[in-house]
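Features as listed in Swiss-Prot:
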| type | residues | note |
| --- | --- | --- |
| MOD_RES | M1 | N-acetylmethionine |
| REPEAT | 18-38 | repeat 'LRR 1' |
| REPEAT | 65-87 | repeat 'LRR 3' |
| REPEAT | 89-110 | repeat 'LRR 4' |
| COMPBIAS | 149-206 | compositional bias 'Acidic residues' |
| REGION | 149-258 | region 'Disordered' |
| COMPBIAS | 216-238 | compositional bias 'Acidic residues' |
| COMPBIAS | 239-249 | compositional bias 'Basic and acidic residues' |
Amino acid sequence: MEMKKKINMELKNRAPEEVTELVLDNCLCVNGEIEGLNDTFKELEFLSMANVELSSLARLPSLNKLRKLELSDNIISGGLEVLAEKCPNLTYLNLSGNKIKDLSTVEALQNLKNLKSLDLFNCEITNLEDYRESIFELLQQITYLDGFDQEDNEAPDSEEEEEDEDGDEDEEDEEEDEAGPPEGYEDEDEDEDEAGSEVGEGEEEVGLSYLMKEEIQDEEDDDDYVDEGEEEEEEEEEGPRGEKRKRDAEDDGEEDDD
């Protein structure tokens, strides 16, 4: 199957700009060049073109979001400078099983500043003396060559890398939870409780002052009542006394007439 037909089959009624991963392994490149792949695949992050008889990268479109590129088991012998121009954000590049023979060909990868992992397994260049030391010295940005770092530690799988990233995020969340709220942060519930207590104290003060005023008013009313009662008693006492004086005066007058 030709590459152009393979691409149409892999789209599965999707628009090219919706595709983030595209696997075109084992199809056929006419004249050893890329066909059917263009700039509309702008969201592409993973592209695999293994064993497609690819010999030239000249027709590779601009794929600024591409992170991983699989080009193993082809007949590429040079022209790697195109990768830095068209895929500047590559972190993983697999050129295993190609026709790469010398360090000058690989030197073009120096401009891939984000490149961390490079595979050249089964390329003639691996037969050079001090091959690994030379590649690490030439491409100082990479961490892994043919699956191992400079201390021969094996590179983690892609799935493990994703799990590690998720784990790091979880640890960060836990650390934030343990650290508590940031400085200057105040809990709304605490603010409400404080406001409620202040209101409650204010209400108690108002209630006490109101009760005190009522007691004072009651005492004043009682005093007024006592004064009024004493005046009434005095009037009652003066009333009979006055009448008695009047009668006594009348009796004295009658005696004088006699």
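Every residue, even glycine, has its Cβ placed from backbone N, Cα and C.
Among residues of the same chain six or more beyond the repeat 'LRR 1' (18-38), those with a C-beta under 8 A of the stretch's C-beta atoms are 1-8, 10-11, 44-61, 70, 75. For the repeat 'LRR 4' (89-110), same-chain residues at least 6 beyond its ends with a Cβ under 8 Å from one of its own Cβ atoms are 50, 64-78, 80-81, 83, 116-125, 128, 134-135, 138-139, 141, 146. Mean per-residue pLDDT, taken over the repeat 'LRR 4' (89-110), amounts to 97. For the repeat 'LRR 1' (18-38), the number of residues in each DSSP class (helix H, G, I; strand E, B; coil) is 4 helix, 4 strand, 13 coil.
Sequence-distant neighbours of the residue listed as 'N-acetylmethionine' (same chain, 6+ residues apart, CB-CB distance under 8 A): M9, C27, L28. With DSSP classes pooled into helix, strand and coil, the tally for the repeat 'LRR 3' (65-87) is 6 helix, 3 strand, 14 coil.
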